[in-house]
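Have a look at the structure below before the remarks.
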Amino acid sequence: MAAISRAIRACAAAGSRRSMASSAKEVAAAGARAAAAVARRGREREREEDGRRVQWVFLGCPGVGKGTYASRLSQMLRVPHIATGDLVRDALASPGPFSEQLAEIVNNGKLVSDEIIINLLSKRLEEGAEKGELGFILDGFPRTIRQAEILEGVTDIDLVINLKLREEALLAKCLGRRMCSQCGGNFNVASIDMEGENGGPRMYMPPLLPPPQCESKLITRPDDTEEVVKERLRVYHDLCEPVEDFYRARGKLLEFNLPGGIPESWPKLLQALNLDPGNERSAAA
């Protein structure tokens, strides 16, 4: 993963200095070098448990549940869940001019630039390499075609899982999100009960309520307002639908329509991924 992060950083730096044409050449060259390095390390560091490396990406609109399902799968498969949203929030919590610039972007519902995301991700991959992590599940990256091309050039993504949910349910979920200011736990106070589309089954998503010790400490993220959420959804569709097409054309995209809440959706997602629920182990019930 150190090779991946170095190549990502090199590609980002090249993109800020040169034209798109020259950047593409440097991306390809860096990708070839990184691919060779990853291949060598892969032969030496095969996963002992089942011999398989997991290098997956989760796509989906803000609030769809990428973090929830990616986290459960990371526990089940014992690979790190790397959420770029968490990387951004950690950076926001660090004092200084960079966090102030980042806060202005996020609070206005804009997507963070490629360069910022790539640098944050690169740092996280380097830290993981130092700890001996094998594989990863990415959540929130890539969000643009350029990011997808950089990632494609430096590592093999096995699978891209595109979670889909009706927009009115997405809006309700985003507005219902809460976080415990003490433990950092994520919860949702929204209770969603909607008629099915085109005669389909009714959609019910119960709230994910906090334990008693967290109830008085719940806070709302500053970017979870109706105006900002709608803007984020619009920006997502403009930028990320081409990313879906990018992976669909390569035969790597699995589109999964969430039928309801976690109890209903989780076993069906495992079935779609050909994973045995009996191997779930530490994943939440």
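Yeah, the Cβs are placed from backbone N, Cα and C, and that goes for glycine too.
Per Swiss-Prot, these features apply:
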type	residues	note
TRANSIT	1-33	transit peptide
BINDING	GLY63, VAL64, GLY65, LYS66, GLY67, THR68, ARG177, ASN186, PHE187	ATP binding site
REGION	83-112	region 'NMP'
BINDING	THR84, ARG89, LYS110, LEU111, VAL112, GLY140, PHE141, PRO142, ARG143, GLN147, ARG221, ARG232	AMP binding site
REGION	176-224	region 'LID'
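On the structure: features taken from Swiss-Prot.
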residue : record           : DSSP (3 states)
GLY63   : ATP binding site : coil
THR84   : AMP binding site : helix
LYS110  : AMP binding site : coil
PHE141  : AMP binding site : coil
ARG177  : ATP binding site : strand
ARG221  : AMP binding site : coil
Surrounding CB atoms that lie within 10 Å of the CB of PHE141 (AMP binding site), all protein chains: 24
Cβ packing number for VAL112 (AMP binding site), 10 Å threshold: 18
Under 8 Å by Cβ from GLY67 (ATP binding site), same chain, sequence gap 6 or more: HIS81, ALA83, GLY85, ASP86, ASP139, ASN186
Rounded Cα-Cα span from GLY63 (ATP binding site) to LYS110 (AMP binding site), Å: 15
Nearest of the binding-site residues (GLY63, GLY65, ARG177, PHE187) to VAL112 (AMP binding site) - Cα to Cα: GLY63
Neighbourhood of ARG177 (ATP binding site), C-beta criterion under 8 angstroms, separation at least six: GLY63, ASN186, PHE187, ASN188, THR220, ARG221, ASP224
Binding-site residues: ARG143, ARG221 - member with fewest neighbouring CB atoms within 10 Å: ARG221
Rounded inter-Cα distance in Å - PHE141 (AMP binding site), GLY65 (ATP binding site): 14
Farthest-apart CA atoms of GLY63, VAL64, GLY65, LYS66, GLY67, THR68, ARG177, ASN186, PHE187, residues recorded for ATP, distance in Å: 14
